[in-house]
Protein chains: 4
Amino acid sequence: MTSVTATAATPAGTLGPALTGVVPPVCTPLTPDLEVDVASLLRLVDFQIAGGVDGLFILGSSSEVAFLPDAHRAVVVDTVLRHVGGQVPVLIGAIDMTTLRVLDHARRAARAGCAGIVVTAPFYTRTHPAEIERHLRGIAEQCEAPLYAYDLPVSVHSNLDHEMLLRLAADGVLAGLKDSTGDDAGLRDLIVARNDAGLTGFSVLTGSELTVDNALRMGADGVVPGLGNVDPHGYATLYAHARAGDWDRAASEQERLLRLMRIVRAAPAGRMGRGSSALGAFKTALHLRGVIDHPVTAPPQIPLDEAETAYVRQILVTAGLL
Amino acid sequence: MTSVTATAATPAGTLGPALTGVVPPVCTPLTPDLEVDVASLLRLVDFQIAGGVDGLFILGSSSEVAFLPDAHRAVVVDTVLRHVGGQVPVLIGAIDMTTLRVLDHARRAARAGCAGIVVTAPFYTRTHPAEIERHLRGIAEQCEAPLYAYDLPVSVHSNLDHEMLLRLAADGVLAGLKDSTGDDAGLRDLIVARNDAGLTGFSVLTGSELTVDNALRMGADGVVPGLGNVDPHGYATLYAHARAGDWDRAASEQERLLRLMRIVRAAPAGRMGRGSSALGAFKTALHLRGVIDHPVTAPPQIPLDEAETAYVRQILVTAGLL
Amino acid sequence: MTSVTATAATPAGTLGPALTGVVPPVCTPLTPDLEVDVASLLRLVDFQIAGGVDGLFILGSSSEVAFLPDAHRAVVVDTVLRHVGGQVPVLIGAIDMTTLRVLDHARRAARAGCAGIVVTAPFYTRTHPAEIERHLRGIAEQCEAPLYAYDLPVSVHSNLDHEMLLRLAADGVLAGLKDSTGDDAGLRDLIVARNDAGLTGFSVLTGSELTVDNALRMGADGVVPGLGNVDPHGYATLYAHARAGDWDRAASEQERLLRLMRIVRAAPAGRMGRGSSALGAFKTALHLRGVIDHPVTAPPQIPLDEAETAYVRQILVTAGLL
Amino acid sequence: MTSVTATAATPAGTLGPALTGVVPPVCTPLTPDLEVDVASLLRLVDFQIAGGVDGLFILGSSSEVAFLPDAHRAVVVDTVLRHVGGQVPVLIGAIDMTTLRVLDHARRAARAGCAGIVVTAPFYTRTHPAEIERHLRGIAEQCEAPLYAYDLPVSVHSNLDHEMLLRLAADGVLAGLKDSTGDDAGLRDLIVARNDAGLTGFSVLTGSELTVDNALRMGADGVVPGLGNVDPHGYATLYAHARAGDWDRAASEQERLLRLMRIVRAAPAGRMGRGSSALGAFKTALHLRGVIDHPVTAPPQIPLDEAETAYVRQILVTAGLL
């Protein structure tokens, strides 16, 4: 296999051991009475691993982490970590508003034995670059697991400064980044700066699931694709093509996945939020594919109706997934 | 006493029993090791009640609710409710991202015996008016305490629709609103519509602490002033003047409080977020006034330094509070 | 007559001669082939003056200045200034993206003999506080007419810093401000700071047409109400009550105007932009009242349809204006 | 030469004749007294053409179009079109707030004989998708030159809907798009949809100058790089490598240009706006390279100081351009 470092312009250097490849943010199946559907969750984890993913990210945005009470989060962590048993690394999101609240989640995650904790900038409160840095340093000091920063401006309404990220990488505070900014130029700038600084052990994962081939060519280490829930094999294939230097096949697979992604537009504009529509579509697709028992999303999200479900089904058929 | 309904243009109708007057969002004093400073909290509560406030709002934004782990929140609820013992009504914020998480807080608050639960629109997730309505209805169905909506776009990045608020008021879902939009024209439009609909039992409280006299003239039922922590007597005086129809004295008192509010600009632009500066200034002022033992704010907020503390002190002196 | 300075908390000091009272931003009537409808414009100006306004603001946002080519702007300036002939002061908007473009408009306006030029912060380009100050100083240096700053974040996506405004007032750069931020707390803070600095010749006009009584009580010098196009007499009445210290009558009139303002919601949400709906409603109302010949708005605004026109008519009837 | 259509996943179909390749948005050199520096402009145009560009875009954002009065714009159009004399196609920006104002510019541009007119969504006014469509259709109806839409949310604060763009392409209203959203996933979605619809004559040009290789692989037709002013040869080389299917060399060249792009960070954060810094750096670099006589930018932009100029010089030296 020709690695990407041989063909891409940016030599990726020595990657850290933990985090490369396809790391889907695992959906959290729910029962109709809004408990974690453990049986479905186990099937979904098996489906991901059988699909060839390189790791799992639980309690991320696609996991409806913002919708899950702490007790649900605990069930997810316990269920997945026990079931995976070290087959692949598992990242856990510690998503909450500010440092002390995040630490509560992060400590529980660290105790569970995960491969890394994923945290965003503070939200709800108006934040500031100096406070974001203080936040990340504060969490790292109090928590033993490797720490990954999550750049997600659509949710937290601030961005992570790239100089700060590399400073924290150099100081051993951060193990990596999940970049969900959608800003591929910024991603490239960060990767070039990272490589120039010799910080290639700092994993850069893109959350932009429609330009994964580009991100990997630019030197990203992996991808955290929400759509990977529905088609993990597709993303594993894309990644394998990229790692083999077969960029045309990678692009073809990426375009197939781009067409599949249109399931997130199931709901007509204005009937619900885009989050409801996207998470509803992922779960509906998993339900139609027989992986999970119920397409239930947590309140106050609005469920897809029959026509919207039929729309998802049609795209799955076209994509050869049904 | 001449009530405001006699002098203002908008007859306020039959107010609900619970919520009128000055209801400060009580700061949460912390110890240097970041635990709730219970002794200081008790003193602060006594200071508020002695200052003449009509109610207390705990676990609101000025309480650093976004910074407090659940265990801290529980201590605050327990401490304050037990100590107040029904002297004044106590509202409790149930601030979290979405319905199920909010319900965990709301149920605990309801069990504690509060006068009302305060909740925002969903945040972190991208939301939608239909989801906000579903959120509020879902919480009200599952929680016995009166429910107050909290319109706080600076934190949650969406607004509450006024027609929805009045629909929920008419349906008995909502008992009131805390309006922290800063949009006094919108506030007036809501109050006029509320009065036209005969829904005057729906309490409208303004969070705009610098235009309280205006809000009361327009028919608002009360105010939730963050600055009230520092000078509860000032807001009680303002409110009393307003209720007596002495609008010139109310305006004078409001202008005095406006000058006091400049403590929130203690930190130079760019050194920290505006939230850090404001909450830091409130706590520093309370510390300087001898009400709380430490001016500590929760991480990742940046503490005021000596010069910033001196700035706060100078304003307190000028205001006659030191 | 008891002036506001006798009853309000803030003594207004020595006001500048030019700009107090009701200064409506005059709509620009158009013909069906999108030329300036001069006859209608003259009638509209007469209607305003007969209604008792204290000044006129042409080429502001409510004048569709953003929609008018330079030739149209010239016709408006020439038509109005010649017709008014000094009966009331006329302000002219010099609305364009940056300094040199604004100067082209400002010089033409100054040559026409207006009472003042109104300019916003730069827009389209990403701006900065230091550039905004440079912009305002640059225009003032090159243009002899008194300069008014226009704080309009909804259009220009930045705010004017209050310390800068007062610095420019002290330096003789600015004669006043039109505040269309909708932030009445900020407005009060500015007015208090202005008065404390002895800069009461710096006119502060509010563009918030639903809280005019409040603004006047707080010490504002006047109002620039878009809705004044439709009911200039209403705003003149409100202003007179305020100046007479009869705040209850002022509030009643303001509430009547607030109900009239609902014409701007003529179009159902989602059918057009809020600007189209508001300007369309103002012009439709003026057409229905017989003041202008056509309710035409400039492209690409969407015209009100029959149902929306009927809605406007109904509100006018209710308001006693038809 | 192996065309990109042979190697990329997306067959590019039949491209329109006009617009492929590197089309830099040409800076507008100014004299110290803020007139168009015609001699420098001619040298800059020659420098671009000698550098191997495929077209020129005048009066775009990098041309400081927002800062140029109409008389300056006319000089630029006249100077460039006469000088180029058909060697390469020239696009002209018709940047103004709304339809009638844009039409004034567009008609002048069409009369000058350009290859296309470039227009944004309405700005300053609050717009709406239906109004944006009406705007573009209205301009196309009144103007004979091919029309290109310019998606530039950072300036106009709205986005162009992709379904609308393809509808307008199918209807012959639009000849192409300049995409300056920075959203490469969205760009790919548009290109795939365009190709699926057989609308490959609709030119898609990216304005994201740091991911040009990616955009071309995804099927974009060309690039409009602001940085191309400083190094047109670099972008021409990048494009040639891409068209030859040599993606590794394309990526290397792109990374070199990415490092060069850091000149836009010449000014420390907070001293000026990012636009001032970027345009100042482009002009300073052109001045240092001897192409233009003055690094002057239009007011109210803040000029780079000595230290900032030295920073630009250092990067040019490192990049081998000095």
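Every residue gets a Cβ built from N, Cα and C, even glycine.
In TrEMBL, annotation is done automatically, which means it is predicted and not curated.
Quick look at what TrEMBL lists:
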type	residues	note
ACT_SITE	D:Tyr150	active site, proton donor/acceptor
ACT_SITE	D:Lys178	active site, schiff-base intermediate with substrate
BINDING	D:Val224	pyruvate binding site
Requested in this report: Work out how many Å separate the residue listed as 'active site, proton donor/acceptor' and the residue listed as 'pyruvate binding site' at their Cα atoms, rounded off.
Outcome: 11
Report summary line: Within 10 A of the CB of the residue listed as 'active site, proton donor/acceptor', the number of other CB atoms across every chain shown is 27
Requested in this report: Give the sequence-ordered list of residues that share a chain with the residue listed as 'pyruvate binding site', lie 6 or more positions from it, and have CB atoms under 8 Å from its CB.
Outcome: D:Val23, D:Pro24, D:Pro25, D:Phe57, D:Gly60, D:Lys178, D:Ser180, D:Leu205, D:Thr206, D:Gly207
Report summary line: One finds that other Cβ atoms within 10 Å of the Cβ of D:Lys178 (active site, schiff-base intermediate with substrate) number exactly 29
Report task. Please state whether DSSP places the residue listed as 'active site, schiff-base intermediate with substrate' in a helix, a strand or coil. Result -> strand
